[in-house]
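Okay, so here's the structure we're looking at.
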């Protein structure tokens, strides 16, 4: 959090400096918003609070950037439902489609069709196949998030704890990348720490709760549960509460503050990393505008007013460092 | 409302003397089908007028069919089963399992994709055969039997798919889902002859007559010497094969195979079959009606999406159409239980009996 604030202040300073020092150049760098464009944001499913937080930020930014903004998606987390939506957006001649993919493969043909018709595609959160999008905004780098997850429990369980993992589905891209990253970090930072089991809650609250109960009952020596999925973290925390293990088992994961607030207050979740979803939504719109203007190269560098400066590496933009929610700061975040 | 095309000739003669078979042969549309034709025209004209982007030239309109024809393939096979008074809830998972197995044969075993696709069709037939064997030999209701096999096929599909289901098929195979010959999508080129085949099978073959009779009254069919079980086997096996075709087309369309790929198929295809005028109790309906319903529901869904309605609304509308079509069919049921017909009879009675008191 501190880092983020610093980064933003720094960026703001730089911006001010740029304006005062080289007024003409700064004007050139300003994003061209003369033409009104239509941009759609297609989440994995509508009605999930993290994606709503993206929408909140995107809506705000769209106003500034002269964008006709539409938030639409399937009711269930289905890639085919997303493809239906893409098809309708292509027919309605949208200028940019932004999306977070339910799975990387099924969406690709439809998005390639969109690109062929001159529509720019920006993926965020969960990527699609690289040849089916113009840019990808990654939430946070995998190693950094893996580290944040392990640190969030290690402080409370001690360095030689037995840890269980409760993930979403077996083939979830991001979750698997995080799990690989946290294992790698664990090996170097806490060599005595041990992962005793990995279970899956299918991103369903009830299945996650059952899986959480199973873990605790089958492995009584577990003192930390890392659940890098929204539903899984809530399920694991609820299981700890249900079995009266508060203070003995610590949970962390990747969930929005609204969902975990009560467990953070209860002390079951001491620290839980994520990123600022609202600001990420803003960045998605900013990149959509740049992509439509053809103002962004596959390897580039740009400043987004109020968001900071970003590197584009091989069409991938890393959004931010993890933002860790704790009992102290969670009151400031509402999404 | 009568569908002499499908109801056994004897039944038609006994219940309505006014039907003139010769007229029907020259102009083979009945009331329900005429309604569907009007509905289809309304949907096409309405959305072209009201939803910018819906009509953007003939090629685009035809290629829009790619988005819903997989449902059409399933609907063709499923209607045979519903004609018999049965149901096949396993069409979704049959499609998924076929897609995943074909993908693994191609990816894991290096098999030619077309050979693998052929095996996929055989697999569809096998899964259909398992369904009907459970129904006939174990004497389990089709609803329960296919619900159970649906879980089994779905679980096998998840297991076969593994952590990273195959994707990125050869372009020649992908063309089956998204390619076109000139302006005619390959899906449509495959669908049209299959429609013709199924229409001939139901309306113009001895099998079709027996199929409808089995559904209309199984006991009578049995005592008339119809081999009911053989009729059922053909219906369920063809339903399995058509679900497999849908699975292949979906895999080609998405250039990927996933174990949950067929999930959206069931609700939509069931609605198509029922909207098409096939009675959910069996024994009534026509193939032409089902084919019309495929295009009505398909274009309706696409049109609503393009008009900006969310997926939630379109799914809701599909459910509402399912209920409405069953309700309307029940109201005008010819078997004496239809509330609408009873009301109609009540209204007409005073007229008929009006002279009696005198």
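For all residues, glycine too, the Cβ spot is worked out from N, Cα and C.
Because TrEMBL annotations are produced automatically, they should be read as predictions rather than curated entries.
Note that the structure is predicted; figures quoted are calculated from it, not measured.
The feature transmembrane segment is assigned by TrEMBL to B:34-55 (among others).
The annotation transmembrane segment is assigned in TrEMBL to B:67-87 (among others).
Among the features that TrEMBL reports, transmembrane segment is placed at B:113-136 (among others). If you look at the transmembrane segment (B:113-136), the same-chain residues 6 or more away from its ends with a CB under 8 A from one of its CBs are 86, 88, 90, 94, 97-99, 101-103, 105-106, 142, 145-146, 148-149, 153, 169-170, 172-173, 229, 232-233, 235-245, 247-248.
Same-chain residues lying 6 or more positions outside the transmembrane segment (B:143-164) and placing a CB less than 8 Å from one of its CB atoms are 87-90, 92-94, 96-97, 100-101, 104, 127, 130-131, 134-135, 257-259. If you look up TrEMBL, you'll see B:143-164 (among others) marked as transmembrane segment.
The transmembrane segment annotation in TrEMBL covers B:184-203 (among others).
The transmembrane segment feature in TrEMBL is assigned to B:231-254 (among others).
Marked as transmembrane segment by TrEMBL: B:274-300 (among others).
The feature transmembrane segment is assigned by TrEMBL to B:312-332 (among others).
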Recorded stretch that, among B:34-55, B:67-87, B:184-203, B:274-300, has the most CB pairs under 8 Å to the transmembrane segment (B:312-332): B:274-300
Winner by Cβ pairs under 8 Å against the transmembrane segment (B:67-87), considering only B:34-55, B:184-203, B:231-254: B:231-254
Winner by Cβ pairs under 8 Å against the transmembrane segment (B:184-203), considering only B:34-55, B:231-254, B:274-300: B:274-300
